[in-house]
Amino acid sequence: MVNVLDEAAAGTVESAGAKARVVANSLAELKSARTTLQQDATIPGTSWVTDPVSNKVVVTADRTVSKAEWAKLTEVAEGLGTTVELQRTQGEFKPFIAGGDAITGNGGRCSLGFNVTKGGEPHFLTAGHCTEGISTWSDSSGQVIGENAASSFPGDDYGLVKYTADVAHPSQVNLYDGSSQSISGAAEAAVGMQVTRSGSTTQVHSGTVTGLDATVNYGNGDIVNGLIQTDVCAEPGDSGGSLFSGDKAVGLTSGGSGDCTSGGTTFFQPVTEALSATGTQIG
């Protein structure tokens with residue numbers, strides 16, 4: 001489905017064999033709305049994402065957003081007209097601290113995302129908010145397996161850890177049923193893509209990509225941009241874990257609201273960006 005602004009453009013798209021839908025807001029207008037939100041409504045406990053289905057920038061406020069802050073959001077949104085939709089969630093946006101296997105350090109626990117190589121040397125990717133606070137990592141048995149090689153948070157949310165122990169590091173994701181999913185490469189997320197997440201707290205859950213290029217304000221100045229938004233649940237300790245579609249790596253668990261009992265929204269760092277930034281390859 002291709003969004004267009006008038007019937008003439010719809011006819012052009014459909015003559016090329018694609019389906020078209022006439023919408024009110026252009027991409028430029030939606031981008032301008034996001035810029036205004038960033039300038040005038042940067043409030044902890046909020047997120048915003050461009051939704052191609054509703055043709056709006058959907059702004060979500062969690063339970064920590066006060067009445068005064070909600071009023072400010074409402075004022076800014078009303079000034080942007082039909083380009084913005086406001087909604088609330090009963091959850092709280094937070095990084096999920098506490099592919100798929102548990103990794104621990106300094107009393108914290110996260111999840112391994114994907115095994116990668118850099119210059120022929122084995123490494124793994126996880127969340128940047130994990131590597132910001134923990135520099136040496138152990139596996140579930142307590143064996144030290146790696147040390148940080150790179151970290152980016154906030155702004156982005158990825159970390160690179162170099163293996164320092166001689167342990168197996170297959171290009172696979174733990175499915176927590178005695179089997180694993182082989183990972184052959186990486187893929188860009190797309191709205192509507194069916195995806196699966198593996199993490200050390202809640203193990204394996206599946207869902208759908210609901211938005212791209214999301215911005216989340218976790219509070220304390222921790223704002224992350226360019227995230228994948230999904231309806232896949234996650235909980236503390238799942239951070240850094242694998243988001244994949246078939247045999248393709250898609251993302252690293254960043255944070256969100258809700259849990260795997262009530263459901264919620266979870267955001268992921270695109271793995272393609274992390275691979276490019278760290279100079280690594282899946283494998």
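Every residue gets a Cβ built from N, Cα and C, even glycine.
For CYS233, the disulfide partner named by TrEMBL from the candidate list CYS130, CYS260 is CYS260. Of the listed disulfide-bonded residues CYS110, CYS130, CYS233, CYS260, the Cβ environment within 10 Å is emptiest of other Cβ atoms at CYS260. Here the candidates are the recorded positions HIS129, ASP157, CYS233, SER239. The one whose C-alpha lies nearest to that of CYS110 (disulfide bond) is SER239. Using ASP157 (active site, charge relay system) as the reference Cα, a 10 A cut-off selects HIS129 from the recorded positions HIS129, CYS233, CYS260. When the Cα of CYS233 (disulfide bond) is compared against those of the recorded positions HIS129, CYS130, SER239, the shortest separation belongs to SER239. In this structure, CYS130 (disulfide bond) is part of a helix by DSSP. Fewest other C-beta atoms within 10 angstroms, among the active-site residues HIS129, ASP157, SER239, are seen around HIS129.
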